[in-house]
Amino acid sequence: MRTLWIVAMCLIGVEGNLFQFARMIDAKQEAFSFFKYISYGCYCGWGGQGTPKDASDRCCFVHDCCYARVKGCNPKLVEYSYSYRTGKIVCETYNRCKRAVCECDRVAAICLGQNVNTYNKGYMFLSSYYCRQKSEQC
């Protein structure tokens, strides 16, 4: 399984906080749930366009919007500190940029966990053909 994890990270392009975000998702669902979202719908994974396909995809859309609002740093490369307290993800970073990125990831992980029942395997590796509609505004 460790080899699969390493291969997946190489395929999608490892970024600074990707591992942290993956661990947050796994904390709100079952282990290795992150893999379900590597390429899901129109927004989960690299980039995004069109209309989110379901509530899970909308979580990724909102996450992308959150990253777009983080100014003065690169949210995909920022590493931050967080912990789990009584089942909750707690961002512990005081740096403005790092805290904002941590909060984006925390909210998205919670959202994906709350909407896991909307997950549709048919949206995994969805062709961009189905995401051609005009993108919503953040």
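Using N, Cα and C of the backbone, Cβ positions are placed for all residues, glycine too.
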Further Ca(2+) ligand in Swiss-Prot, beside TYR43, GLY45, GLY47, within candidate set ASP64, ASP105: ASP64
CYS65 - recorded disulfide partner, Swiss-Prot, among CYS131, CYS138: CYS138
From CYS42, CYS44, partner that Swiss-Prot gives for the disulfide involving CYS131: CYS42
Swiss-Prot annotation, disulfide partner of CYS66 among CYS102, CYS104, CYS111: CYS104
Disulphide bridge to CYS102 as given by Swiss-Prot, partner from CYS73, CYS91, CYS111: CYS91
Candidates CYS60, ASP64, CYS91, CYS104, CYS111, namely the recorded positions, that fall within 10 Å of CYS42 (disulfide bond) by Cα distance: CYS60
Integer Cα-Cα distance in angstrom, CYS65 (disulfide bond) to ASP105 (active site): 11
